[in-house]
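Asks: Dumping the structure here so I can ask a few things about it.
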Amino acid sequence: MLINKLALNNFRNFSKKHFEFGKGVNVIVGPNAIGKTNILESIYLLSTGKSFKARLEEEMIDYNSDIARIVGEVGHRLVEHSGLERSKKQKEAEELQKTKLETILTRGEIQIGEDPENIQKAPRKKMLVNGLPKRLIDFSGILKVALFGPWDLDLVTESPSIRRKFLDSVLSQVDREYRRASLSYEKGLRQRNRLLWRIREEGLSRSQLLFWNQLLIKNGDYISRKRAEFIDFVNESPDFLDQDFSLEYDSSAISEGRLMQYKDEEVAAATTLVGPHRDDFIFKLKNAKNANAKNGDRDLSKYGSRGEQRMGVLWVKLAELNYIEKSTGERPVLLLDDIFSELDHEHRAVVSELAKAQQTIITTADEHYVKGIKSGNEIIMLG
Ligand SMILES: Nc1ncnc2c1ncn2[C@@H]1O[C@H](COP(=O)(O)OP(=O)(O)O)[C@@H](O)[C@H]1O
Ligand SMILES: [Mg+2]
């Protein structure tokens, strides 16, 4: 998987900017606040249809404009062990296969021409593939990426919703059915919670819930199964720098029985109390010095040092790359946002090695951190 070109128009601080990326390691160097993270955000937007940091999508539009446009050209190449026998010719054809991805953002209305009075309604977000409009479910996942930034430490230490979001971001990229199931589940959940509220407030009959129960069980089951599959995959990933990490899936299953069990509480709370929207997982680190001790596995969020937590996240991110590759036959583009300054020498070397295994785009304020990655770096200077 490659991103060859990127063009930004009125995206964040870039009024008009064009980038070309090499197939290997690309390093974007520039001082703080020059827009390095914004570039990765725009690539992530082309991949997932979403931002990893904006609360409202219109935050991504240049303050001085009412429309932003992001265009990327991506190239495909299946990985060697994807199970398909391919001739040299086929491989060349794959490399030539290019897809144009485009996202257009507005604040809901745009000015037509010079007249500030001439305002028209416009969709807030449009996504196109090779010029054809697509729904989010068909747009996302074409460009595969794995993103790693300093905020990812939150994955270990912060609230469950951040971990669920992470699971969704990985699985949505590789599985259209997962995207469909998630959308359907979220919608169903809102409807069901509204009904629970009406049951409590208006004495509506519980039989109204039956349809939504079925819908949530069917989709929730699929979501839980896929999440379990990914977590198993991560757990089978090799140890990392002699540290033995694991993930423990704390799954909130949804079934007729479980819904029955909480039927009074959920009406009282007017909210659905079981299901994958309540999932979590925990990072564990095997206590190497005391491997035979009872409860030898430590909860990384409580007992891990910052360094260990960072390595735990890196271990999961590495597994994410491999999982996307295994599930789609394409190695994702690795996006590393300003992580080198936080790593010590040994870990920097690990990440530098990892960066060479696929197309990688690294941002840094300090070029000397990436000196270790010597092989044909593309350097993009900003500012
Ligand atoms: N919607 C926007 N319009 C214009 N500038 C923006 C917008 N959103 C953020 N910025 C600017 O982008 C800059 C931060 O970019 P960022 O990518 O975080 O920098 P870096 O990663 O290089 O430190 C800030 O100067 C901020 O004011
Ligand atoms: Mg930044």
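Heads up, residue numbers simply count up from 1 along the chain you see.
Each residue, glycine too, has its Cβ placed from N, Cα and C.
The ATP binding site annotation in TrEMBL covers GLY30, PRO31, ASN32, ALA33, ILE34, GLY35, LYS36, THR37. Summarising the annotation, TrEMBL assigns coiled coil to 53-104. Here TrEMBL flags 3-373 as domain 'RecF/RecN/SMC N-terminal'.
Mind running through what each feature is packed against?
Replies: In the shown protein chains, 10 other C-beta atoms lie within 10 A of the C-beta of PRO31 (ATP binding site). Look at PRO31 (ATP binding site): DSSP puts it in coil.
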Asks: Would you mind pulling the DSSP three-state label for LYS36 (ATP binding site)?
Replies: helix
Asks: Quick one: among the binding-site residues ALA33, ILE34, which has the most Cβ atoms sitting within 10 Å of its own Cβ?
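Replies: Going through ALA33, ILE34 one by one, the largest Cβ count within 10 Å is at ILE34.
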Asks: Anything from the binding-site residues GLY30, GLY35, LYS36 with its Cβ under 6 A from ligand 2? List those in sequence order.
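Replies: Near ligand 2, sequence order: LYS36.
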Asks: I'm checking region-level scores; what's the whole-number mean pLDDT for the domain 'RecF/RecN/SMC N-terminal' (3-373)?
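Replies: The predicted confidence over the domain 'RecF/RecN/SMC N-terminal' (3-373), as a mean pLDDT, is 92.
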Asks: Across all the protein chains here, work out how many other Cβ atoms are within 10 Å of the Cβ of ASN32 (ATP binding site).
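Replies: Taking all protein chains shown, ASN32 (ATP binding site) has 9 Cβ neighbours within 10 Å.
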Asks: Please give me the CB contact count at 10 A for GLY35 (ATP binding site), counting all chains in the structure.
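Replies: GLY35 (ATP binding site) is surrounded by 20 other Cβ atoms within 10 Å.
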Asks: Using other CB atoms within 10 angstroms as the count, which residue among the binding-site residues GLY30, LYS36, THR37 scores least?
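Replies: Candidates: the binding-site residues GLY30, LYS36, THR37. Fewest Cβ atoms within 10 Å: GLY30.
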